[in-house]
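All remarks here apply to the structure that follows.
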Amino acid sequence: MKKHNYSAGPCILPQEVFEKSAKAILNFNDSGLSILEISHRSKDFVAVMDEARDLAIELLGLEGQGYKALFLAGGASLEFLMVPYNLMKENGKAAYLDSGTWASGAIKEAKFFGETVVVASSKEENYNHIPKGYTVPADADYFHCTSNNTIFGTQMKEFPSLDMPIVCDMSSDIFSRVLDFSKFDIIYAGAQKNMGPAGTTLVIVKEEILGKSGRTIPSILDYEKHIKAESMYNTPAVFPVYASLLTLQWLKKLGGVAAVEKLNNEKAELLYTEIDRNPLFKGAAAVEDRSNMNATFLLNDAAHTDTFDTMWKAAGISGLPGHRSVGGYRASMYNALPIESVQVLVDVMKALETKV
Ligand code: PMP
């Protein structure tokens with residue numbers, strides 16, 4: 001039986017993506033060859049890469065505005081250092097918002113390159129909210145933020161307008177909601193949430209911001225080299241890129257980011273309403289910063305843990321335990337999770353109330 005998959009990532013993808021990818025492993029485009037055994041330089045794969053790059057830009061509404069899309073290796077974590085390598089000037093400085101574990105990972109890498117100003121942090125409150133009311137130093141080379149904090153279940157609802165490049169780690173909410181994406185100069189996201197299997201990272205770069213750091217950048221870490229090579233500087237992660245393309249095609253068919261945002265809002269509303277109504281539970285994140293992708297919540301009385309865990313497992317739910325740094329539960333409701341799965345969880349939460 002197919003599970004209701006709340007995994008935080010890698011995570012649920014559309015069923016048709018699983019089916020089409022499985023078929024392509026056996027026989028890609030009726031070529032008599034597997035997608036796993038063809039050259040990345042073959043006509044068929046170059047077409048996959050080109051369409052995936054174009055579709056990513058199209059779905060974000062960034063066509064004709066000087067943006068390039070890349071599918072790189074090394075995970076979102078490699079972008080933590082590629083960003084400062086490409087943007088921070090020698091003896092320059094960068095500004096970071098510390099809103100969670102991944103933001104702090106990005107800060108750690110930036111410090112290898114130069115002065116890294118943390119404009120605000122919610123670390124002292126275990127990252128239960130998004131810091132606000134901060135000032136970004138006007139002489140920073142760029143500002144970096146994390147749009148959705150996967151572990152703590154908080155999501156930025158507003159982004160500053162600044163006179164410098166804005167870089168955003170959108171790993172866990174890319175393609176989930178409409179934003180003015182042209183506010184950002186670099187957007188990066190590991191594929192393994194809303195886009196595809198682990199193994200590739202989507203990087204969207206506004207080309208005009210590159211080439212200004214004055215640094216000598218090793219080729220494999222240089223965005224300009226990857227752009228010039230049309231994301232084929234080295235062998236790309238052929239299969240993850242193909243599965244990402246299938247997910248992007250699925251999203252386009254669904255009506256794009258605006259259509260999926262509506263569904264994501266409905267799912268989040270259904271679950272948060274129950275978290276707030278049910279006296280047995282409480283939300284872990286500040287209400288105004290709650291994430292529509294990762295809902296974190298706790299039992300008010302830990303004595304009910306075993307009963308609740310037995311009940312949701314029996315209902316076919318998977319991947320619900322929270323990250324160890326928050327405890328409790330985390331329901332990750334990525335684009336491909338159907339609202340029916342959220343209803344199953346809500347029904348189990350209601351059933352617990354009648355049982356204890
Ligand atoms: N940023 C965010 C917001 C994440 O959720 C994650 C991983 N879940 C990462 C960065 C790190 O991604 P990767 O494992 O692809 O390096």
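Cβ atoms are placed via backbone N, Cα and C, with glycine included.
For R41 (L-glutamate binding site), the same-chain residues lying six or more positions away in sequence with a CB closer than 8 A to its CB are M232. Residues or ranges marked as L-glutamate binding site in TrEMBL: R41.
Here TrEMBL flags A76, S77, W102, T150, D169, Q192, N234, T235 as pyridoxal 5'-phosphate binding site. In this structure, T150 (pyridoxal 5'-phosphate binding site) belongs to neither helix nor strand by DSSP; it is coil.
Along the domain 'Aminotransferase class V' (5-345), the predicted structure has mean pLDDT 98. What TrEMBL records for 5-345 is domain 'Aminotransferase class V'.
Classification of K193 (N6-(pyridoxal phosphate)lysine) by DSSP places it in coil, neither helical nor stranded. Every protein chain shown contributes to the tally, and the Cβ of K193 (N6-(pyridoxal phosphate)lysine) ends up with 31 other Cβ atoms within 10 Å. Look at TrEMBL and you will find K193 tagged as N6-(pyridoxal phosphate)lysine.
Taking each of the binding-site residues W102, D169, Q192, N234, T235 in turn and counting other Cβ atoms within 10 Å of its Cβ gives the largest count for D169. Highlighted here would be the recorded positions (R41, K193, N234, T235) whose C-beta falls below 6 Å from ligand 1, but none qualifies. One residue stands out among the binding-site residues S77, T150 for having the most other Cβ atoms within 10 Å of its Cβ: T150. On the backbone, the CA of N234 (pyridoxal 5'-phosphate binding site) and the CA of K193 (N6-(pyridoxal phosphate)lysine) stand 24 Å apart.
Residues listed for pyridoxal 5'-phosphate, A76, S77, W102, T150, D169, Q192, N234, T235, cover a largest CA to CA span of 30 Å. Around A76 (pyridoxal 5'-phosphate binding site), taking its Cβ as the centre, 24 other Cβ atoms fall within 10 Å, counting all chains.
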